[in-house]
């Protein structure tokens, strides 16, 4: 299993390849706000652990294992963002909140959150009911 830091890199590499068709060390460094030398070290570790294939000065490609995990990590991130929106978290806080919790949840918890997101999205009335509860609770705490 990849570490949380490895997950961040795999997720970002997956997104860059999906968006641009490739991922360069400089692109990864910029996206993660880290030094290129840090990216090179991590990419070498990810290569050793068979998440990607890296050739110095030629670039990198995700292996089947890396693609599968990258896809799952992007799904997890997007699902948690959906969940935050459903429960009414302010849009400006969602990204940081998701970044803060995504590595600490089990895949079972992610699957259950997926069930909850599906439950709310299947019927708008459920979200309206949640908003009414939140409004009532907000007024009670004033």
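Placement of Cβ uses the backbone N, Cα and C atoms for every residue, glycine included.
The Mn(2+) 1 binding site annotation in Swiss-Prot covers 8, 99, 102, 103 and rests on sequence analysis. Sequence-distant neighbours of residue 102 (Mn(2+) 1 binding site) (same chain, 6+ apart, CB under 8 A from its CB) are 76, 77, 80.
Look at Swiss-Prot and you will find 11, 77, 99, 102 tagged as Mn(2+) 2 binding site, backed by sequence analysis.
As annotated by Swiss-Prot, domain 'HTH dtxR-type' applies to 1-63, with the evidence given as sequence analysis.
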Neighbouring C-beta atoms (10 Å sphere around the C-beta of residue 77 (Mn(2+) 2 binding site)): 17
DSSP three-state assignment (helix, strand or coil) for residue 77 (Mn(2+) 2 binding site): helix
Mean predicted confidence [pLDDT] for the domain 'HTH dtxR-type' (1-63): 94
The domain 'HTH dtxR-type' (1-63): DSSP-derived helix, strand, coil residue counts: 38 helix, 8 strand, 17 coil
